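K.L.:
This is the structure I want to talk about, given as structure tokens.
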Amino acid sequence: MLSSWRTQLLITRIALYVASALIVVWSVAPFLWQVSTSFQEDRLLSAPTPSFLPWPGTLDHFRNIFVEKEFHLYIVNSAIVAGLTTLFCLAIGGAAAFALARLRVYYRFGILALILSVSMFPQIAIVAPLYLAASALGLMNTYTILVIIYLSLGLPLVIWVLFGYFQTIPREIDEAAIIDGAGPLRLMISVILPMSLPGFVTTGLLAFIMAWNEFMFALAFTSGVDRQTIPVGIANFTNLYYVPWGDLAAASVVVTLPLVLLVLGFQRWIIQGLTQGAVKE
Amino acid sequence: MTTLPSAGLTAGNRRSKRLTQRSRAERWAPLLFLLPAVLTLITVSVYPVLDGMRLSLRNTMLSTQEDDFVGLANYVRLTGDPQFWSAWQHTMLFTAASTLLETVIGMAMALVLYETFKGRGWVRAAMLVPWAIPTVVTSKMFGWLFDGQHGVVNWLLRQAGLIDGYVNWYGDSQTALLTIIIADVWKTTSFMALLLLAGLQTVPHSLVEAARIDGAGSWQCFWSIRLPLLFTTLLIAGMFRALDAFRIFDLVYVLTGGGPADSTEVLSTLSYKVLFSGLDFGYGSALSAAMFITEAIIALGFGLFIVRRMRRDNG
């Protein structure tokens, strides 16, 4: 009796480990294959039998993307656009989330719901009017227009996550600060802000990833290597007669590795921030 | 507490004056804090949507300077446009298939992660990888994995004896949409699983324990306790996923460009082509307005269902 119960427990354990191994392989293997591809010679890549380890390895593909395709220019553009977007998102979204969470705002949940619903708009529905407006204002092919657009794409998520974060800070702290004579601005900057730095880091990371990865607006609003961002660069990475899979893999690794490392480093906070909507209801 | 009332009329007066100033500041401060965000969202998201509706009633062409009011002509053209209906079908099929698959597989993954075991943190971290990768990179990655000649997927399937000859996955109109669904399922399922896991963790453990003592098996515990309690979370996650899947653009545009033979053309890519290749801003706006309306209907449908469900649970 006891032993059968024990075997059953053992089987459950084993099944659990097999299942989680499958999940890890499923999640990571395609990217690892991309990493391996980026170090393989074209000769190996077009062989009838794929070789899983990059041996003999080569750095040709990395040389190609930086020397021939000037990939660093795209990286600079992306870093500028994503960096500025993150800063503005945190400043503007932080103020709004603070007001919604800590100050007396009528219909606060109504306002929050409206802000969130903006994030569900199909983005293709705003691309044409924005294109006409940007042309009229002379903002085509500038960092400015991309930052403005990404700001509005990122704000709903930033406000939502920071709102949840601010709500976890006990209200007694506000009361104490107000009694000590702090106004709303002071309350936000010297009390709430220092206490929510982890929240700002996570939210900033989310905004950064959103801007770093965005494709459609970057495609429509930029037209040269001087302003195009990484996704546009990678999408246009095709030669006339063949697809340079090795170069593409190298570019993928270069733009994704920092992101993957950041995400792995901050995974606990990211999961917490992103899932708060599902938990709270 | 720090400012105990000191004696004297003047001090009292001064205090009340400061209080009215404070309350005035209190009334206006929230608005000032909200203003930048609200203004941005209105000018960059809300106003363009309305402006798009206006454009959809005009025949604006960027190539010919045409720009007149034409009433509902664009919408009439839409109803008779076979390209629109085929893109509509592909979008609906993609949305339904990917949302369903991602919810079901995500649920299974969440149940695995709900158990405590050594290395669980690592599994959870690995699951964020597909989410963090830019969609354009995902497209190229799947382009390489599913390549018709040198793709490793073909090779693996042939080694396993599942296929005889190489399948030209996204180069063949029979399998192209399937390839895109697979790529999307890879990219989004693990994130869905993390959302559902967060929901699972709110189900009180005592309930499951009680059922176990009453002799319920694991499957029964899941089916009659966890699933019903998780249903609202599942619906909300499903809604967000469906709304997101409906506007799919990057994956299709980069992997197949809508081809071969328009077999993967979805509403976003069709609108984009009409707008930026055809420069037909009037008709393109009608297309995207139709998308906006469909999206609103999906959200409304889910929303009503969720609210009804929550009312029933709470009342």
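Using the three backbone atoms N, Cα and C, a Cβ is placed for every residue, glycine included.
Copied straight from TrEMBL:
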- A:14-33: transmembrane segment (TRANSMEM)
- A:71-99: transmembrane segment (TRANSMEM)
- A:75-266: domain 'ABC transmembrane type-1' (DOMAIN)
- A:111-131: transmembrane segment (TRANSMEM)
- A:143-166: transmembrane segment (TRANSMEM)
- A:187-212: transmembrane segment (TRANSMEM)
- A:248-266: transmembrane segment (TRANSMEM)
K.L.:
Where else in the chain does the transmembrane segment (A:187-212) make close Cβ contacts, counting only residues six or more beyond its ends and a cut-off under 8 Å?
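P.N.:
78, 81-83, 85-86, 89-90, 93-95, 98, 102, 150, 153-154, 157-158, 161-162, 165-166, 169, 173-174, 177-178, 229-230, 255, 259, 262-263, 266, 269-270, 272-274.
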K.L.:
Same-chain Cβ contacts of the transmembrane segment (A:248-266) under 8 Å, 6 or more residues past its ends?
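P.N.:
For the transmembrane segment (A:248-266), the sequence-distant neighbours (Cβ-Cβ under 8 Å, at least 6 residues beyond its ends) are 31, 34-35, 37-38, 61-62, 64-65, 69, 71, 75, 78, 201-202, 205, 209, 212, 230, 233-234, 237.
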K.L.:
Report, as numbers and ranges, which residues of the same chain sit near the transmembrane segment (A:111-131): CB under 8 Å and 6 or more residues beyond its ends.
P.N.:
96, 100, 105, 145, 149, 152-153, 155-157, 159-160, 163, 216-217, 220-221
